[in-house]
Ligand code: 48F
């Protein structure tokens, strides 16, 4: 006879609730919250969690990866320019070198690259909180020190439901990795605390380096990365290539780690 009890509905429900709430409770005070689980945010999550920092990724969608599932124009081949192929090497993503390009251009399958990047962030120990829509910042003593969040479907409810209050997670540093929308930075701009320039037309040659160079602490406690940095600092949009996004995530993690360690 089987010595184990049959799992029934209550056991399955208990497993889900206990595991989720346990993880959630242990992250309500975290070192870093990354808002947005696209390529820049996921690289930052991988690096920060690998450094032993308590890292949360808030993602409004049910899947992570943002724009990294497609290369451009509904075609699922992603390109990176040198030196970002080294990140493909770290992730174990197979790629091809495009011939006769002086500085190096590499092409890979988007599903392979995106899933391996998500996996790397999970394996490093980041707490991956999908279906959570960033709603606002926690702002104290002139610093961003947390993120207000709600379930995505709740955020999308028509106002017929009067109010479902969100909850907040405290942190030492928030990274805005929400792409073109730069939603965290915009929550400060709406209050006149920062001035956002908006991104410019496409200029791939300049934009990749510019995004990495401008990845920075925009406001005390808030680092901006990826396309959010382009929106904040008036940079050209990238075009369908991802090296700058990945390198920007690496830099954002370094800046965030310095902020965390200094507090
Ligand atoms: O847009 P996204 O992929 O940002 P990224 O890391 O990369 C940009 C490229 O994909 C592409 C490009 C290539 O060069 O220019 O656009 O800068 O990922 C942004 C993530 O943020 C999530 C969104 O669902 C996506 O997964 N996001 C957006 N708003 C919110 C959010 C929000 N309010 N709360 C939580 N997540």
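Cβ from N, Cα, C; glycine included.
Please treat TrEMBL annotations as automatic predictions, because they have not gone through curation.
Between the candidates 202, 227, TrEMBL assigns the NAD(+) site shared with 40, 67, 165 to 227. For the pair formed by residue 40 (NAD(+) binding site) and residue 237 (glycine binding site), distance between Cα atoms is given as 15 Å, rounded to the nearest Å. Around the Cβ of residue 165 (NAD(+) binding site), the same chain contributes 150, each under 8 angstroms and 6 or more positions distant in sequence. When the binding-site residues 67, 180, 227 are screened for a C-alpha within 10 angstroms of the C-alpha of residue 237 (glycine binding site), the residues that qualify, in sequence order, are 180, 227.
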